[in-house]
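Features reported for this protein in Swiss-Prot:
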{"type": "BINDING", "residues": "K26, S27, R31, S170, S171, Q172, D297, N320, K324", "note": "3-phosphoshikimate binding site"}
{"type": "BINDING", "residues": "K26, G97, R125, Q172, R328, R375, K400", "note": "phosphoenolpyruvate binding site"}
{"type": "ACT_SITE", "residues": "D297", "note": "active site, proton acceptor"}
Amino acid sequence: MRPQATLTVLPVERPLVGRVSPPGSKSITNRALLLAGLAKGTSRLTGALKSDDTRVMSEALRLMGVQVDEPDDSTFVVTSSGHWQAPQQALFLGNAGTATRFLTAALANFEGDFVVDGDEYMRKRPIGPLVDALQRMGVEVSAPSGCPPVAIKGKGGLEAGRIEIDGNLSSQYVSALLMAGACGKGPVEVALTGSEIGARGYVDLTLAAMQAFGAEVQAIGETAWKVSATGYRATDFHIEPDASAATYLWAAQALTEGDIDLGVASDAFTQPDALASQIIASFPNMPAVIDGSQMQDAIPTLAVLAAFNRQPVRFVGIANLRVKECDRISALSHGLCAIAPGLAVEEGDDLLVHANPALAGTTVDALIDTHSDHRIAMCFALAGLKIAGIRILDPDCVGKTYPGYWDALASLGVRVQR
């Protein structure tokens with residue numbers, strides 16, 4: 001059933017000025033939670049994100065016998081024996097793609113029958129390529145629909161060997177195999193195929209986290225890695241702020257000619273979405289073509305910003321956005337066209353945004369269907385900073401990765417109506 005709650009962001013009359021601390025990185029937090037759960041001993045994760053996605057990951061670990069304590073709102077203390085027990089119930093992971101993909105592979109290293117499941121949205125998101133790769137490694141795993149639920153019969157460890165997976169597919173599949181590989185029965189080589197490597201920066205995040213937890217990974221050229229069966233060591237690990245969350249604040253600053261201090265320089269991030277900061281800094285002269293393949297979670301932000309640019313912007317390399325929390329290409333196109341007919345058009349898997357700076361200061365009657373996708377809600381709030389009458393459906397879906405988003409905007413002087 002379509003959620004009925006709506007939120008309207010009231011246009012601002014002055015530049016947004018202030019300091020906002022973005023939450024911890026979702027991508028890094030869920031990697032760190034998984035690795036801490038696989039390690040023997042106690043790990044302290046600081047700067048962590050507390051949100052729907054990290055909650056379902058931590059709850060899944062608890063169900064399997066891992067102790068996860070939360071002494072404050074940005075810390076997890078994870079104590080594990082390094083051995084997980086199969087729970088009596090399915091592991092419910094909501095719509096968390098990272099948790100679902102990462103756990104599916106990791107569970108092959110333990111004894112017992114496991115089921116990984118999610119909500120109605122997760123049950124439409126593909127996991128078949130990861131299941132196929134695990135089957136080729138000898139894992140007894142199935143997902144009849146090609147999407148969750150996934151049934152895994154663990155036999156105590158991945159077999160040593162080489163596994164190939166298409167690099168054009170989700171980087172989460174690659175990361176899942178790499179992280180699981182360190183707990184196998186012998187060395188595992190993960191090799192990418194395909195003409196392009198999608199979202200390579202997220203693979204680099206995975207490798208850095210693995211090495212921080214004691215894994216030994218050897219690069220074999222640019223597209224393959226050999227993971228030794230060392231397991232993981234408990235450690236203290238600090239998580240940087242979320243670059244995807246930062247993009248909304250960078251864009252809000254650009255749109256209002258403001259000055260928002262995030263407490264961290266844009267070039268200090270290791271996450272690939274931080275690349276968007278350079279494009280946002282070029283506003284209102286964003287480039288005519290933007291390749292989103294290496295910063296996919298930043299594309300919703302950039303697409304809404306492009307509506308106010310001085311020239312049209314074509315987004316390419318974004319096909320994977322169709323299988324995120326929703327079909328984000330379609331959601332962006334429909335949302336922009338709700339603001340102004342013809343403002344955006346889908347051309348294959350490209351998104352063309354017809355810039356119209358004159359939209360600023362106008363009033364429209366636009367209901368934005370977020371499809372309960374946090375990034376659609378957050379990016380269209382940016383349009384509301386300049387255009388009156390934009391109503392956002394299901395605004396609380398931002399809790400997936402940025403529960404404090406509306407409060408952050410309010411701290412800068414943005415007013416909203418519910």
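We count from 1, first residue shown onward.
In case you wondered, yes, glycine gets a Cβ from its N, Cα and C as well.
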Students should find that the Cβ of R31 (3-phosphoshikimate binding site) has, within 10 Å, a number of other Cβ atoms equal to 26
CB neighbours of K400 (phosphoenolpyruvate binding site) within 10 A?
24
Whole-number Å value for how far G97 (phosphoenolpyruvate binding site) lies from D297 (3-phosphoshikimate binding site) (Cα to Cα)
13
Counting distance between Cα atoms, which of the binding-site residues K26, R31, S171, K324 is nearest R125 (phosphoenolpyruvate binding site)?
K324
Reported as an integer number of Å, what is the Cα distance between Q172 (phosphoenolpyruvate binding site) and R31 (3-phosphoshikimate binding site)?
10
Return the member of G97, R328, R375, K400 nearest to S171 (3-phosphoshikimate binding site) in space, with distance defined Cα to Cα and candidates limited to these binding-site residues.
G97
K26, S27, R31, S170, S171, Q172, D297, N320, K324 bind 3-phosphoshikimate per the record; greatest CA separation between any two, in Å, is 21
Rounded Cα distance, in Å, between G97 (phosphoenolpyruvate binding site) and R31 (3-phosphoshikimate binding site) is 12
Number of Cβ atoms other than its own within 10 Å, given for R328 (phosphoenolpyruvate binding site):
26
Cα-Cα separation of K400 (phosphoenolpyruvate binding site) and K324 (3-phosphoshikimate binding site), in Å?
13
Lowest local Cβ density among K26, R125, R375, which the record lists as binding-site residues, within 10 Å:
R125
